[in-house]
Amino acid sequence: MVKLFIGNLPREATEQEIRSLFEQYGKVLECDIIKNYGFVHIEDKTAAEDAIRNLHHYKLHGVNINVEASKNKSKASTKLHVGNISPTCTNQELRAKFEEYGPVIECDIVKDYAFVHMERAEDAVEAIRGLDNTEFQGKRMHVQLSTSRLRTAPGMGDQSGCYRCGKEGHWSKECPVDRTGRVADFTEQYNEQYGAVRTPYTMGYGESMYYNDAYGALDYYKRYRVRSYEAVAAAAAASAYNYAEQTMSHLPQVQSTTVTSHLNSTSVDPYDRHLLPNSGAAATSAAMAAAAATTSSYYGRDRSPLRRAAAMLPTVGEGYGYGPESELSQASAATRNSLYDMARYEREQYVDRARYSAF
């Protein structure tokens, strides 16, 4: 189908009169008159050329009419993609090759392929049939309709046919849909037109940026502040306390082998210190009590070296050792009031020293 433009029509001309005039050269598909011009669609290209040749400047009702091919805006169907082009081929040579099939509006070579814009769709179809898979300058080129939506019209084009969303009325660079199919953010354009949005006020100490933030911002003051001397001393004491408990819990329990009934068990030392009882210190307390009972016998015995040597001599048939025979009598021990019988000396010195040395 070829569209013809008819200009300078007289007011007396009608559609039926124009249709009958062009049907002399071929089948007319459509005829429209708009004021003093009109359009005629002829099915055959040869018939359209004959009509242009014979009816151009034809006198109708005393007025010479103009008949020529319609120069409509090129559409996407007239854009051809030409692949596998020789590197020595130029735009003029490629244009001349396609002009054999019809008028060429634009021809652009990009590396080894090119885009050719033909004026009429019929000419583009004929060029595809005649030039596809043919030899041109030593290479077999491929010609087909272009499927690209970018610059469907020759030149810079207009705001129609956005190649991103397919809608009209805006440039492709201003399309609200980005390449991923999502609506683009127009924050930058808004800031350029109306100014940037004011940033929120600076938050004070302890405030959170988000309401109900489970984690919040890190408080460097609480983490890295210098702790007081009391806090450091308390931490060291707690650590030493735990160390003493672990050390004393491994000491074996000592069984008392002496008679300590002569000691005064009711004496109370107001300066005596005891650790708080816990699960790990039960065995330690029992061991310390047994050691204190054993040590008290040392301070309650006779200090005379002569009497002690005579009392400790072994009997016949017996070896050296300690037993009930080697001990002083309870009566002699009870009659003597030694300064060493005080309750504050009833504990083992070395055990207490190891116990409180960590402090």
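From the backbone N, Cα and C atoms, a Cβ is placed for every residue, glycine too.
The feature zinc finger, as given by Swiss-Prot for the ranges 124-141, 160-177, 322-339, sits at 160-177. Looking just at the domain 'RRM 2' (78-148), the mean pLDDT is 88.
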